[in-house]
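Heads up, the thing below is written out as structure tokens.
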Amino acid sequence: MKIWLEWQQLCLITLFFIFIVVTVVGNTLIIVAVVTTRRLRTVTNCFVMSLAVADWLVGIFVMPVAVAYHIMGSWEMGRILCDVWISLDVGLCTASILSLCAISIDRYFAITQPLNYTRRRRSKRLALIMILVVWVAAVAITCPPIFGWYDWERHKNKTCIYSQNKSYVVVSAMLSFFVPLTVMIYVYARISWEIAQRHVNLDAMNNGAAHSAATHNNHHIRTYSKRCVANLEESDQERSESDDVVRAGRLMPPLTMPVVTPTGVISANSSGRSVESSRRLRFGDSATRVSSFKRESKTAQTLSIVVGGFIACWLPFFVAYIVNPFLDNGTIGNWLMTFLTWLGWLNSAINPFIYAFYSPDFRLAFWRLTLRHCTSRQQQRVARRKQTAGNSASRQNTHKRDATTHYLQCHRP
């Protein structure tokens with residue numbers, strides 16, 4: 001039984017260590033990619049940067065202390081360090097959640113109000129103000145347990161747990177999670193509805209334009225055909241002259257039948273390139289709309305993954321967090337609370353992979369920061385080996401020439 005518990009502890013510590021490494025490395029790549037890549041220095045990525053910094057700090061200051069607490073089995077670092085650790089946990093996780101909310105709001109204005117967004121919100125100064133508000137709000141939610149709603153019960157029996165003050169728990173849970181969750185769900189629903197409406201309007205516009213163009217062309221072709229038939233009947237007496245011209249070897253110009261397109265009149269003997277260019281001129285804006293629609297759909301898909309991961313990771317924890325102080329018969333078990341806490345921290349580890357998977361610019365930046373260096377180093381090693389082999393072969397050839405020359409000089413008659 002003791003061996004089994006030791007193996008269980010070892011597996012848990014290894015899993016925690018993997019979480020920490022993934023969180024720190026992934027968010028470090030996000031931060032370095034935004035700082036070093038010009039294409040990633042956008043307004044939206046300012047919020048992504050804020051999210052990555054909060055998640056990176058969780059991996060540096062919060063998770064390792066939790067692992068040490070788990071290994072020791074009790075809190076041996078004093079009351080002050082307990083307050084500091086809990087404050088960092090609450091503040092950084094709140095900053096991470098509010099940064100996700102800010103990203104959702106930014107994407108909402110970019111899709112639903114693109115003109116106003118371009119004029120007013122494409123400003124890094126405004127983005128920095130919003131980020132400052134996010135971090136100030138996170139600090140404000142963290143401070144009450146230290147300066148007012150202090151709970152001495154969380155330090156008894158050498159434990160370090162979240163505040164059990166009912167008023168503070170309700171207020172902090174609402175401001176840290178449930179209000180941002182409501183905003184994110186509303187924003188995602190509005191974005192999805194807006195994209196669905198644009199999809200319907202785009203299909204209707206394309207179908208209507210194609211039907212109108214076809215009807216317009218057929219009408220003019222029939223009208224001109226009737227005119228051509230009438231002209232041919234009136235000119236029967238000229239056929240003999242035309243036959244003489246053909247026999248004389250002079251070819252008459254072919255009959256040209258104009259085709260009316262949405263951009264003008266084109267003769268029937270015009271090249272296919274003219275028709276195609278006319279169509280492009282007419283439907284170029286439709287292609288732009290389709291491209292914009294695809295980008296917006298991908299943004300909505302990314303946002304749905306972000307919101308889904310956020311809910312899956314944090315909802316169980318905050319339900320337990322807000323219910324725990326109101327339980328009459330004891331509290332939620334330590335093992336369950338530990339599991340739900342690490343499940344919430346898991347959100348800090350998966351966010352970099354969500355953006356890396358759905359953003360080509362981030363994927364390229366990650367490749368440049370990681371695999372490219374490994375590839376270039378391998379190529380340098382191969383080049384050095386080839387150079388060394390070439391130098392060795394050159395030295396061998398030189399020695400052979402010197403030996404041959406020496407032999408000839410010694411055996412010269």
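The chain as shown is numbered from 1 upward.
Each residue, glycine too, has its Cβ placed from N, Cα and C.
Features of the protein shown, as given by TrEMBL:
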- 12-35: transmembrane segment (TRANSMEM)
- 26-355: domain 'G-protein coupled receptors family 1 profile' (DOMAIN)
- 47-72: transmembrane segment (TRANSMEM)
- 84-105: transmembrane segment (TRANSMEM)
- 126-147: transmembrane segment (TRANSMEM)
- 167-189: transmembrane segment (TRANSMEM)
- 303-323: transmembrane segment (TRANSMEM)
- 335-358: transmembrane segment (TRANSMEM)
- 380-400: region 'Disordered' (REGION)
Restricting to the domain 'G-protein coupled receptors family 1 profile' (26-355), what is the model's mean pLDDT?
76
For the transmembrane segment (303-323), give me same-chain residues lying six or more residues beyond its boundaries with a C-beta closer than 8 angstroms to one of its C-beta atoms, as numbers and ranges.
97, 100, 103-104, 107, 162, 169-170, 173, 176-178, 181, 184-185, 187-188, 191-192, 332, 336-337, 340-341, 343-344, 346-347, 350-351, 354, 358
Same-chain residues at least 6 beyond the ends of the transmembrane segment (335-358) whose Cβ lies under 8 Å from its Cβ atoms:
16, 19, 22-23, 26-27, 29-30, 48, 51-52, 54-55, 58-59, 62-63, 66, 70, 93, 96, 100, 161, 298, 301-302, 305-306, 309-310, 313-314, 316-318, 320, 324, 366
